[in-house]
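As structure tokens, the structure follows; a few thoughts come after it.
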Amino acid sequence: MASSNTVLMRLVASAYSIAQKAGMIVRRVIAEGDLGIVEKTCATDLQTKADRLAQMSICSSLARKFPKLTIIGEEDLPSEEVDQELIEDSQWEEILKQPCPSQYSAIKEEDLVVWVDPLDGTKEYTEGLLDNVTVLIGIAYEGKAIAGVINQPYYNYEAGPDAVLGRTIWGVLGLGAFGFQLKEVPAGKHIITTTRSHSNKLVTDCVAAMNPDAVLRVGGAGNKIIQLIEGKASAYVFASPGCKKWDTCAPEVILHAVGGKLTDIHGNVLQYHKDVKHMNSAGVLATLRNYDYYASRVPESIKNALVP
């Protein structure tokens, strides 16, 4: 392990603070009462004022501190001057105390690609299903997701008025994942988490092929991976295009750092080069344990229907 004064660990420490700031913005927009909803491509593909402000905050804060990064965000925004109030320039000191895995110690700023989803679970956000919402900042090197930060702005929001709202989970491959308590679904139980708002026949047929004991239909890719690492679900199964690289980059790191696995429906690892296509065209299959069991149950007809 190398000193934490490396580009990667400084970037992760910054991303942690920046994700917290974005989470505050997400909460503030709800509190102010005007979500500013616009449809991007259809009624289930929405953008709100929180998406726009959070992305401005994240991308501008990262670009100021790390000007040579490649930053790819979900929302297309005009290159307007960003209000100073949206900029976060602090770093989470606890991360800077951690050693950098030696394989990443010499990484340069310009070698890294950051994938940003400023508000994962937008549809659920507009419907008041606030525990589905996450802020995702994923960091990739040579096409591989190697570090990630997930902020849950409304973690604890149903725990009463005195509860502390929000939490931030982070991880680096070779170091671990932090900010949560790792749990597993009881042995022999097959609980599937899948999409709430983007279902179709391929999705439902693939879920059924898993012979599940229960199916959880929730919003947000980040939220589904958190269900895996906290023992609420055994597998995340989404046999459809629809989810993008900014949805999976950060969550994949957290899952991989604790021994899980995330691939497309064919078992291919996802690539995060700056020039890669944004859509995960062949869906997502992710588990904390027993990946091979779930992968073996994906019907050939579904694989044939989904081209990587």
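Each Cβ is built from the backbone N, Cα and C atoms, and glycine gets one as well.
These come from Swiss-Prot:
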ACT_SITE  Asp51  active site, proton acceptor
ACT_SITE  Thr122  active site, proton acceptor
BINDING   Glu74  Mg(2+) 3 binding site
BINDING   Glu74, Asp117, Leu119  Mg(2+) 1 binding site
BINDING   Asp117, Asp120, Asp247  Mg(2+) 2 binding site
BINDING   Thr195, His198, Gly220, Lys224  AMP binding site
MOD_RES   Ala2  N-acetylalanine
MOD_RES   Ser240  phosphoserine
MOD_RES   Lys244  N6-succinyllysine
Exercise. Other Cβ atoms within 10 Å is the metric here; tell me which of the recorded positions His198, Lys224, Lys244 scores highest.
Key: Lys224
Practice problem: Determine which residues of the same chain, besides Glu74, Asp117, Leu119, have their CB within 8 A of the center of the CB atoms at the recorded Mg(2+) 1 site, and list them by sequence. | Solution: Asp51, Ala54, Gln55, Gly73, Glu75, Val116, Pro118, Asp120, Thr122, Val135, Leu136, Trp246, Asp247
Practice problem: Give me the Cα-Cα distance between Thr122 (active site, proton acceptor) and Gly220 (AMP binding site), rounded to a whole Å. | Solution: 8
Quiz item: Can you tell which of the binding-site residues Glu74, Asp117, Leu119, Asp120, Asp247 lies nearest to Gly220 (AMP binding site) in space, using Cα positions?
Solution: Asp120
Practice problem: Could you round the CA separation between Asp51 (active site, proton acceptor) and Leu119 (Mg(2+) 1 binding site) to a whole angstrom and send it over? | Solution: 5
Quiz item: How would DSSP class Leu119 (Mg(2+) 1 binding site) in three states?
Solution: strand
Quiz prompt | Extra residues within 8 Å (Cβ to Cβ centroid of Thr195, His198, Gly220, Lys224), AMP | solution = Gly121, Thr194, Arg196, Ser197, Val218, Gly219, Ala221, Asn223, Phe238, Cys243
Exercise. Write out the long-range same-chain contacts of Thr195 (AMP binding site), meaning residues 6 or more apart in sequence whose Cβ is under 8 Å from its Cβ.
Key: Val203, Arg217, Gly219, Phe238, Ser240, Gly242
Quiz item: Could you state the CA-to-CA distance between Asp120 (Mg(2+) 2 binding site) and His198 (AMP binding site) to the nearest Å?
Solution: 14
Quiz prompt | Cα-proximity to Asp247 (Mg(2+) 2 binding site), 10 Å cut-off, over binding-site residues Glu74, Asp117, His198 | solution = Glu74, Asp117
Exercise. Take the Cβ of the residue listed as 'phosphoserine' and count every other Cβ within 10 Å, whichever protein chain it belongs to.
Key: 23
Quiz item: When you measure from the Cβ of the residue listed as 'Mg(2+) 3 binding site', which residues in the chain that are at least 6 apart have a Cβ under 8 Å away?
Solution: Asp51, Gln55, Val116, Asp117, Pro118, Lys244, Trp246
